[in-house]
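The structure appears right after this line, and notes come after that.
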Amino acid sequence: MSRKASENVEYTLRSLSSLMGERRRKQPEPDAASAAGECSLLAAAESSTSLQSAGAGGGGVGDLERAARRQFQQDETPAFVYVVAVFSALGGFLFGYDTGVVSGAMLLLKRQLSLDALWQELLVSSTVGAAAVSALAGGALNGVFGRRAAILLASALFTAGSAVLAAANNKETLLAGRLVVGLGIGIASMTVPVYIAEVSPPNLRGRLVTINTLFITGGQFFASVVDGAFSYLQKDGWRYMLGLAAVPAVIQFFGFLFLPESPRWLIQKGQTQKARRILSQMRGNQTIDEEYDSIKNNIEEEEKEVGSAGPVICRMLSYPPTRRALIVGCGLQMFQQLSGINTIMYYSATILQMSGVEDDRLAIWLASVTAFTNFIFTLVGVWLVEKVGRRKLTFGSLAGTTVALIILALGFVLSAQVSPRITFKPIAPSGQNATCTRYSYCNECMLDPDCGFCYKMNKSTVIDSSCVPVNKASTNEAAWGRCENETKFKTEDIFWAYNFCPTPYSWTALLGLILYLVFFAPGMGPMPWTVNSEIYPLWARSTGNACSSGINWIFNVLVSLTFLHTAEYLTYYGAFFLYAGFAAVGLLFIYGCLPETKGKKLEEIESLFDNRLCTCGTSDSDEGRYIEYIRVKGSNYHLSDNDASDVE
């Protein structure tokens with residue numbers, strides 16, 4: 001062992017000895033927990049001393065440092081941190097509920113309000129478009145007014161939008177309500193992860209930020225249950241579905257009236273005493289001097305290094321580490337959407353109908369199964385994030401998602417291969433559209449949104465089938481022919497299908513959807529939000545998260561607005577093969593560019609982006625060393641991820 005390393009070991013051991021002496025003086029009769037803590041430190045010290053005497057390089061120092069780090073990160077975290085995280089994550093719950101509830105509500109709305117494919121896509125994507133705009137604007141809002149004010153505004157928008165949706169009497173009012181809700185979603189989506197990350201201790205940050213995504217998937221699952229429960233109210237069921245979001249929004253609003261601002265934002269704004277008080281409240285019995293000094297010094301150094309001239313986004317783009325972080329953050333959000341997640345969530349009931357599930361209520365309840373899968377496996381992600389790390393979890397998740405998309409596409413290929421042949425071609429009445437009668441198979445007929453499939457059944461075989469125009473006033477019946485009168489044709493054992501073909505392979509779509517969410521939910525669901533809440537320095541955090549959230553919502557709009565038309569032109573299986581291709585490209589991006597941020601302080605992570613972008617995936621290199629100081633109950637000693645001989 002080098003002389004410098006030996007000196008560092010001795011200094012660290014003296015610090016630990018001082019700590020234990022101080023504990024004994026303050027606590028004459030230590031409890032079991034204190035005794036256990038001292039034993040663990042003594043064990044680490046003895047281990048390190050033996051390694052030192054054996055001349056074991058610098059490994060002893062690293063072992064001692066890691067033991068000390070683990071011990072002092074195990075100080076009790078106050079329950080207040082969890083309360084703050086849960087109330088914050090109600091924004092995620094509303095995000096999930098308002099994006100998930102439309103899946104079931106759309107099946108009732110399109111019948112009651114006679115919505116064509118364009119209006120269905122508008123009601124889904126208008127929320128997403130508004131979210132994109134407000135997410136981009138949310139960066140400035142967070143920077144000027146703070147995280148707390150932004151969350152309060154989002155809660156108010158959720159409440160107002162839900163009230164408008166519940167009272168809507170036409171599709172235009174519905175569109176307005178969806179726009180208002182979208183504004184709330186956008187602000188919440190970029191603010192909540194940042195707020196949770198800034199109030200969380202480093203050893204819990206990944207899990208607490210992932211709780212936000214857990215609440216998003218919980219909101220989607222709850223929305224699917226509400227959809228199923230109110231699907232039996234054919235007339236006004238959708239009003240209850242869309243209006244119930246006001247309840248958690250009101251709870252969050254009043255809860256946040258009593259919750260604090262982010263201490264990091266307060267320090268940035270010069271409100272240091274208030275920041276110290278809040279940070280102390282968040283850390284309980286842990287000392288906050290080093291964390292407070294680290295945040296304060298980091299802000300001062302960043303202001304000197306980057307300067308304050310010009311818009312923050314321009315400063316981010318001109319400063320290489322933040323530019324690289326922005327590329328990684330925006331790339332993760334883009335590939336999350338291009339892998340098709342919100343097509344799956346927004347249109348899950350419609351996809352199940354496309355695969356051959358005939359009954360609306362059955363499709364809605366089956367969609368709730370997929371939402372429950374999403375929720376449960378997001379819980380798995382909460383457990384894995386601090387064990388496996390962000391990088392491995394994200395890569396493995398997207399790899400499985402790619403395979404699941406291929407399986408989903410193959411399910412639709414099977415259904416297309418056994419698509420019933422059209423055997424009866426009626427003559428169109430004078431002046432009526434005859435385009436639908438030109439199709440030869442049910443699958444071709446279903447790809448045309450203006451057509452439906454009219455048929456009889458002989459046991460399990462489709463007979464006397466025809467493709468005829470759908471009634472524009474109601475998709476429950478045809479514009480003309482045998483299926484023109486819904487009441488009449490049902491008494492004659494004639495069946496009408498719109499958006500689906502009779503098939504024995506409808507189960508493959510449900511299997512594909514479940515497999516997709518099993519792989520997507522633990523990693524690609526929460527990790528883009530978790531990583532983005534960590535990788536930017538404080539001066540760029542609001543703007544960086546606003547940009548990445550905006551990218552997420554922009555690609556969300558592109559995917560959700562085009563899904564039905566993409567399925568029409570590329571076929572259903574073609575659309576899912578396309579998403580699988582995008583996911584495969586995302587794998588290359590994650591492998592080359594995503595660094596590991598597990599266990600690092602927010603103020604340390606910037607150094608991960610000091611190197612060239614596509615080498616940052618190899619985060620174990622010796623480049624970009626950093627030194628960390630922690631206070632051990634009044635005594636300072638250094639912790640380094642590198643050999644102590646590297647530290648001057």
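Every residue number used here counts from 1 along the chain in the order it is shown.
Cβ coordinates come from backbone N, Cα and C, glycine included.
Quick look at what Swiss-Prot annotates:
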TOPO_DOM  1-76  topological domain 'Cytoplasmic'
MOD_RES   Ser6  phosphoserine
MOD_RES   Ser47  phosphoserine
MOD_RES   Ser50  phosphoserine
TRANSMEM  77-97  transmembrane segment
TOPO_DOM  98-125  topological domain 'Extracellular'
TRANSMEM  126-146  transmembrane segment
TRANSMEM  149-169  transmembrane segment
TOPO_DOM  170-178  topological domain 'Extracellular'
TRANSMEM  179-199  transmembrane segment
TOPO_DOM  200-212  topological domain 'Cytoplasmic'
TRANSMEM  213-233  transmembrane segment
TOPO_DOM  234-239  topological domain 'Extracellular'
TRANSMEM  240-260  transmembrane segment
TOPO_DOM  261-324  topological domain 'Cytoplasmic'
TRANSMEM  325-345  transmembrane segment
TOPO_DOM  346-363  topological domain 'Extracellular'
TRANSMEM  364-384  transmembrane segment
TOPO_DOM  385-393  topological domain 'Cytoplasmic'
TRANSMEM  394-414  transmembrane segment
TOPO_DOM  415-508  topological domain 'Extracellular'
CARBOHYD  Asn433  N-linked glycosylation site
CARBOHYD  Asn458  N-linked glycosylation site
CARBOHYD  Asn485  N-linked glycosylation site
TRANSMEM  509-529  transmembrane segment
TOPO_DOM  530-549  topological domain 'Cytoplasmic'
TRANSMEM  550-570  transmembrane segment
TRANSMEM  574-594  transmembrane segment
TOPO_DOM  595-648  topological domain 'Cytoplasmic'
MOD_RES   Ser640  phosphoserine
MOD_RES   Ser645  phosphoserine
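Each residue contributes its Cα atom, and for Asn458 (N-linked glycosylation site) and Asn485 (N-linked glycosylation site) those atoms are 21 Å apart. Within its own chain, the transmembrane segment (364-384) has Cβ neighbours under 8 Å at 100, 103-104, 107, 207, 210-211, 213-214, 216-218, 220-221, 223-225, 227-228, 231, 344-345, 348-349, 352, 357, 393, 510, 513-514, 517-518, 520-523, 525-527, counting only residues six or more beyond its boundaries.
Taking all protein chains in view, 15 other C-beta atoms sit within 10 angstroms of the C-beta of Asn433 (N-linked glycosylation site). Same-chain residues lying 6+ beyond the ends of the transmembrane segment (509-529) with a Cβ under 8 Å from its Cβ atoms: 189, 193, 209-210, 212-214, 216-217, 329, 332-333, 335-336, 339-341, 344, 348, 351-352, 354-356, 366, 369-370, 373-378, 380-382, 384-385, 390, 393-401, 403-405, 407-409, 411-412, 415, 548, 552, 576.
Relative to the transmembrane segment (325-345), the listed stretch 574-594 leads the set 126-146, 394-414, 550-570, 574-594 in CB pairs under 8 A.
Two recorded stretches are said to be in contact when at least 3 C-beta pairs lie under 8 angstroms, sequence spacing 6 or more; the transmembrane segment (77-97) and the transmembrane segment (574-594) fall short of this definition. When the Cα atoms are compared, Asn433 (N-linked glycosylation site) and Asn485 (N-linked glycosylation site) turn out to be 18 Å apart. Among the recorded stretches 179-199, 213-233, 240-260, 550-570, 574-594, the one sharing the largest number of Cβ pairs closer than 8 Å with the transmembrane segment (394-414) is 574-594.
Within 10 Å of the C-beta atom of Asn458 (N-linked glycosylation site) sit 8 other C-beta atoms, taking all shown protein chains into account. The transmembrane segment (240-260) is in contact with the transmembrane segment (149-169), judged by 3+ CB-CB distances under 8 Å for residue pairs 6 or more apart in sequence. With DSSP classes pooled into helix, strand and coil, the tally for the topological domain 'Cytoplasmic' (200-212) is 8 helix, 0 strand, 5 coil.
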